[in-house]
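The structure under discussion appears below in the form of structure tokens.
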Amino acid sequence: MNPQAKVIFTTSLLLGTTITISSNHWILAWTGLEINTLAILPLISKSHHPRAVEAATKYFLVQAAASALVLFSSMTNAWHTGQWDITQLTHPTSCLILTSAIAIKLGLVPFHFWFPEVLQGSPLTTGLLLSTAMKFPPITLLFMTSQSLNSTLLTTMAIMSTALGGWMGLNQTQTRKILAFSSISHLGWMAIIITYSPKLALLNFYLYTLMTAAVFLTMNSMKVLKLSTLMTSWTKSPALSTTLLLTLLSLAGLPPLTGFLPKWLIIQELTKQEMPLMATMISLLSLLSLFFYLRLAYCSTITLPPHTTNHMKRWHVHKPVNTQMAILTTLSIMLLPISPIILTIM
């Protein structure tokens, strides 16, 4: 892709996100979401492979439908209350439509079907944007309207997302699809807590973004798209494989790694809200996703003897240390000890 075009699309992504997260008016928020959608489409389909074009088409149709629902819910609210302010969403029907629209944009169950397919058809760097940056504006809208949302509906969606995200990732062999189902599972944790403690949901999103960015960039550096390639990566880049192992375990939420912090705080908050049953259910369902993280971690550190494989062998090259990846990996692994400071800031 032309460097100038790449700069334009990246700037448009930043602009769209900034407009949405800083707006008070529904029309401005909707405009930001549309700019974001249009800017990411060329980045998805830049390889011109039929799979990439299909992914871009699916993404466009789904996001257009969700944006139309956002506009419809805000217009319904304005019709009944005379308010276009985002925080003044009070009409029950508008709240339900908005929750559905944001669920479609994020890929929450039962509107999750598009996300693994789109991620599978995108390059790893674009997949990183789809899993993190593109989810920030919808999460912000949920954050701003959290007081008005139906907590029962969100809790149901959250439990279903954690269950299906873990269940459907079990038999996958493509790393991008595994990370897509991992994203759906993590969104379940954010959705269940957003009406009770919106700041905690945002903290979860920030830490999830850190860990996912570290995993995507490591896989991109190792050129890993499926498990069979990951199995032979140890001999070529042992240091990267080790850091990938730790980051995956952090994503799974194992102590004493960073990923344990949001899960621990969410379970604590749910217990305070007298929802021990939901806390128990979501904790047990996260064991499903723990299985495929362990599978990925095992594959990344497995050492196979020389044998004939179906994919092309690569030379072992000494790449310079990627500072960005090193910082992300360190943060993804070692933030738990400073959790009191993080909680003070929040």
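Even glycines carry a Cβ here, placed using N, Cα and C.
Database features (TrEMBL):
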- 23-288: domain 'NADH:quinone oxidoreductase/Mrp antiporter transmembrane' (DOMAIN)
- 56-76: transmembrane segment (TRANSMEM)
- 96-115: transmembrane segment (TRANSMEM)
- 152-171: transmembrane segment (TRANSMEM)
- 178-196: transmembrane segment (TRANSMEM)
- 202-219: transmembrane segment (TRANSMEM)
- 239-257: transmembrane segment (TRANSMEM)
- 277-304: transmembrane segment (TRANSMEM)
- 290-343: domain 'NADH dehydrogenase subunit 2 C-terminal' (DOMAIN)
- 325-345: transmembrane segment (TRANSMEM)
Most Cβ pairs under 8 Å with the transmembrane segment (277-304), selected from 56-76, 152-171, 239-257: 152-171
The transmembrane segment (96-115) vs the transmembrane segment (239-257): 3 or more CB pairs under 8 Å: no
Two-stretch contact, the transmembrane segment (152-171) and the transmembrane segment (178-196), at least three Cβ pairs under 8 Å: yes
Stretch in 178-196, 202-219, 239-257 most in contact with the transmembrane segment (325-345), if contact is a CB pair under 8 A: 239-257
Tertiary contacts of the transmembrane segment (56-76) (same chain, 6+ residues out, Cβ under 8 Å): 26-27, 29-30, 33-34, 37, 40-41, 44-45, 84, 89, 91, 93-95, 97-98, 100-102, 104-105, 114, 117-118, 121, 130, 141
